Structures are given as structure tokens and as C-alpha cells.
Amino acid sequence: MTRRTSIERYRNIGISAHIDAGKTTTTERILFYTGITHKLGEVHEGAATMDWMEQERGITITSAATTAFWRGMAGNYPEHRINIIDTPGHVDFTIEVERSMRVLDGACMVYDSVGGVQPQSETVWRQANKYGVPRIAFVNKMDRVGADFFRVQRQIVERLKGDAVPIQIPVGAEDHFEGVVDLVKMKAIIWDDASQGVRFEYRDIPPELQAQAEQWREKMIEKAAEANEALLEKYLSGQPLSEDEIKSGLRARTVANEIVPMLCGSAFKNKGVQAMLDAVIDYLPSPADVPAIIGHDERDREIERHPADDEPFSALAFKIMTDPFVGQLVFFRVYSGVVKSGDSVLNPLKSKKERLGRILQMHANERREISEVYAGDIAAAVGIKEITTGDTLTDPAHVIILERMTFPEPVISQAVEPRTKADQEKMGIALNRLAQEDPSFRVRTDEESGQTIISGMGELHLEILVDRMKREFGVEANVGKPQVAYRETIRSTVTDVEGKFVKQSGGRGQYGHVVLKLEPQEQGKGYEFVDAIKGGVVPREFIPAVDRGVRETLNTGVLAGYPVVDVKVTLVFGSYHDVDSNENAFRMAASMAFKEGMRRAKPVLLEPMMHVEVETPEDFTGNVMGDLSSRRGMVQGMEDIAGGGGKLVRAEVPLAEMFGYSTSLRSLTQGRATYSMEFKHYAEAPRQVAEQIIAARGSGAAARG
């Protein structure tokens, strides 16, 4: 089977939006229009038609990725394949957005014409910057009262620091929103309501918009001309740029992440989505426009894979879902090569060969089984047993390990126990499945109490996972009070910390002796072990045991038994015994030395700090700020919400003080405020707070020995 669509005609895009910006409607309309053009294009070939279009107008993608085909609004483009990757709008699921950004080539940011740029929009924008994802912006809901396209343009420039370049301006607004002016063609596009926007016509620009259209067109052409010397020279010499030249200039600068083309419409009123699809094709990159993906081979040497079918197979698993009909579905993005169903691939991070049982392609609400996938494709595999989100799948003969996704450490934990004996076994299976799907969710058993502990990114995150356990797996569970994930670290350097483990009791004894140096590391650097032994005073074969001894001790700090982070440990000296020394003795000696060193190196307790944003009516601003301050919060700024919608308060607050915040915010503001919260960083807990925590843990390490 050969490729149906060349890789240059692929677009792997995400549609991301704040919760209320109308992402679902926009996506539904995309499926509606692409389905119709697909059907129109295929009927004469006698191919199967997609008759679900007539039966169902309300298609919502439950799938993580869906494939659509587009031949342009006027049917004048060669057929393009658009893979749409779903991205959630809620900030507690930043992790979901993060993993979809990792596999996108381009994004369409949807904004509400009234609300404009909102807190979650900023989070998504930052992640798109992190992965260098080119984007276009679609200002939706232009039929709403208070709609203002140009205000959203200013917000993208001022708040998000994006160079937003309108390539359309609206014709009318609110109830009188009729269509758009296409600034490239300099024509008005008016959609036909009777055909649900399938038909449209080009008209002359209304006279009252002519001057405004010319002004914005001039700005757009200037941005396009900066793409290369030839265009710039032509522009500066006063020669007009052709339609193709404008588009190629805008495309080059969008793909280079220098500008963000802006469009507008109303998905609900069937206006503008069709032109947005044309913009996806005109301005967003194909997999072939994106640089080769970098990875490492088994010896950790840097290698790359180009987006071509004749390269060895490489893919990234970006989402795992449990499907009631087929079991575990693994969604993956193919970066290079070809793979057929039935082929064996290697998961190098698990050192495990897996057979791809079946490969499925999602089309809106139906799935098609396909025999093979090519570079640039996004599909789902059935039959892969052991895999975690972010793992690489590769050709076993040409191994590459793609850059792992970075997942934040959980900041909150809860004990969870099954209600009945029957739930016990089901709960274990359910929790493991959920942890496989979501790497920011962890499950462990507490060694002392035997309880099952679940950890995640926030109260809401854990609530939803417990709810899914009940809904999808039928497990009833009781949940304990949330616990904060504190950490411990050191603030000063200590040298000559000695640890000696000696046992001579007849027969073969034990002997291990080490001298360590402990130093604080900058935040986020983690644990580092350095071997500085000279002259073989500690034999080479025992050095990994020293590292292991320290690593094991890191799990239990000396203040309150919390994990230790950001410490550099150097093995500087030691001694050994020809007969009695062994790995275990050096492991024990290292553990003793590290504990002693921690006590001497000014240990401190760290607590997770959250970035909190509260949207509140103006009357309650004082109450909200006072309440945040009483929670040891630092208010970092306040600004007006666009469209006279009250105030946005930004603050940094310790997670420990935020439990039950949604309830108290409701009572403070008569239920009229909303908030979002995401993990920011760890910070040293004030002395009084640390003392209380240490006391509550029964002086932690002392109690644990």
C-alpha cells in the first residue's frame, strides 16, 4: 500500500483554548466541513460515504486524535490530511496540554471575542513556546455582545508577547456579524446561513470598512515582506506583492515562529471555520517543514531522524487510553519510517519488544483499521502491553531514544482504600492503568502503614482520578485527607563526613569506610554523585555501592523523613579490608555518612508553592486579596479583566494553605469568583511552619531511625 497523501500535505495540529472559548464547537464544525468535502470528493469514485454527517450534528471528539481531509474552502486545494490532536482547557491538566504540544507541528489558538486572553491561555502559550510550536489565532464568538477582535489582537501582543498579524478583519459584530474581509485577496467573504456555511461568496469590501482594511493589509504585507531579502527589496521599492508572495512570506515567518496570523469567526453560526482550515494549510508547517527530530542511541550518542519513509521507524507514544471495546489504545506519532500491523517494535526505555497487533485511525466518531502508517502519521495501536506515556517506539535494528517528555513531580498525596474486599483487587488494576495513562499521577504503598498512597498535581486532579476509578472500573474507594509533598535539602557545604560500618564477629566480617563531602545544588538540579577517589583507597567495584547507599537514604530526610533533593555528594576518601569488605558494607557506610552530613549541613524543609490566579468581581477584590495574604500568599499583581469583567489577582501561595480554597472562595464572593492554580516551584518553609510539620511527623527521621 502506498501513501495516499504526500507528507508535505500533512498538518498535525492542536486546537487549544480556554474552557469557554468554544473549542468543542470549533472542532465539531471542522469535522462537519471536512466530512462534507470528503464526501463530495469521494461519491463519484463510488467510495463509502461518511453518512454519520446526516445522522449526527453534535460530534465531539472523545478520541485523543482524529483525522480529517480538506480540499480548501472553494475546493481549489489538492487534498490535505489534517490530524487534530485534542488538548484540554483546564489548568490542572497542564500535563495533557504538554504532552500534546510535544507531538504537534502547529497549533490553532481559539480565543473568545469578549474574554480574550485568559489565565489558561497564557499557560498554553508558554508550553507552545517551550516546544517551539508555530501557531495561528482564531477569535471565536464574534456574534457575542461585546465582541472586539482588535482588543484580542492587542492582548496577544501585550500579554503573550506574540506578534499577532490580522489576515482578516470582521464584517460587522455582535448580532450584525456577517463575515470577514480577507486582507490577502482584499475581498469580503459572506457565508450562506441556509447551507450551514458550506456555500459562501466573495463580495466587494463594504465602503465603511475600506480604509480600515487597507490599513491592516499594509501592516500584514510589511510583516510578510520581512521573510526574505527579495520580498523586502520589492516591497521597499514600492512594487505590489502578489497573493502568492504575501502567502509565502507569511508562511515562512509563521513556521519560523516569528508571527501569529489572526482570523475571526463564529463557529456556532457557521462562519469563519472554513477559512481557518485554509489558513492551517497556508501557514502552518507540514512534518517536512519541521527540523529532524533529535534522539540518542544506546550509547547515548546524539542521532537524528528525518521525516521520511525510507528512514528507520521511530515514534513517540503520547497518550494511553483504556477503551471499553478494544482494551488499551496507545496513541503514537510517527517521526520517521513505516510500520505495518503485526510488526515488532522496540520500547528502548523498557528494553521490551512489542508486537503491534492492530493499527487504528480515528475519524471523528468512527475508527478504521489500517495496515500501515508512515512518517508524519498519528494513529492508535492495540496490543502493546508495557508502555508509559512519553516512551519511544523504534525499529529494533536501528534504536533511537527520543527526548523524554518532562513530567512535573506530584505535589499532593492522599491515602486511598477500597470500601469492600471485592474492590481491593480491582483498585490495584485501576490505579495502575490510570498511572500508565498519566505520568503526573503516582501510586505507591506506604511501608509503615501499608496504605495505598496516590499523588498528583492538585486536589482536582486526584478527585477526577478517583471519580474515573469509580466510573470506568467500578471501584468504590474512601479517600483520606490530602497531604502536601514536602522535601528536604541542605544550605551549607560540609567536608570530611565519615561513615564506618564494621562487624567482626568470628568468621567473615563486614568492613566499609567512606569519607564524603556534601554540597547544596541549585534548585531543580537534583542529586549528583561524584567519585573523587585517588590511589584506589576504595576499590572501583565498591563505588556504585556507595552511590546506591546514598540514593537509598535520600528517600528519608533527617528533619521529618521527607525525600531529600538538590544535593551533590562527593566520595573523597575511604579504606577497605581485603577479606571483610563487600558491597553491602560500603552501602551501609555511605548511608551512615550521608545522614551525619545532612545533620551538619543546615538541613531545611521545602514546601511546594503554587501560582494562583483568581478572577473576581471588583467588589470582592479586597476580600480575595486579604484572604490570600492570610494564607501566607504573596500577591504579585492585579489587572482589569477585559470587557469590564472585574479583576484578575495573581499570587504565589503555599499549597498547604490552599486546601478547601474553592469552598471558602465561593462564600467570600457569593460564588461569583473562579480560580486556577498550578505548581510553580519549591521554597524554604518559614521556621515556625517547619517546626510544626516536624513536630507533627514525630520528628520524622528520629521516629524512623
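The backbone N, Cα and C atoms fix where each Cβ goes, and this holds for glycine too.
The annotation GTP binding site is assigned in Swiss-Prot to 17-24, 86-90, 140-143. Swiss-Prot lists 8-288 with the feature domain 'tr-type G'.
Counting other C-beta atoms within 10 Å of each candidate's C-beta, the binding-site residues Ala17, Met142 are led by Met142.
Residue environment of Thr87 (GTP binding site) contains 23 other Cβ atoms, counted within 10 Å of its Cβ in all protein chains. A coil conformation is recorded for Thr87 (GTP binding site) in the three-state DSSP classification, outside any helix or strand.
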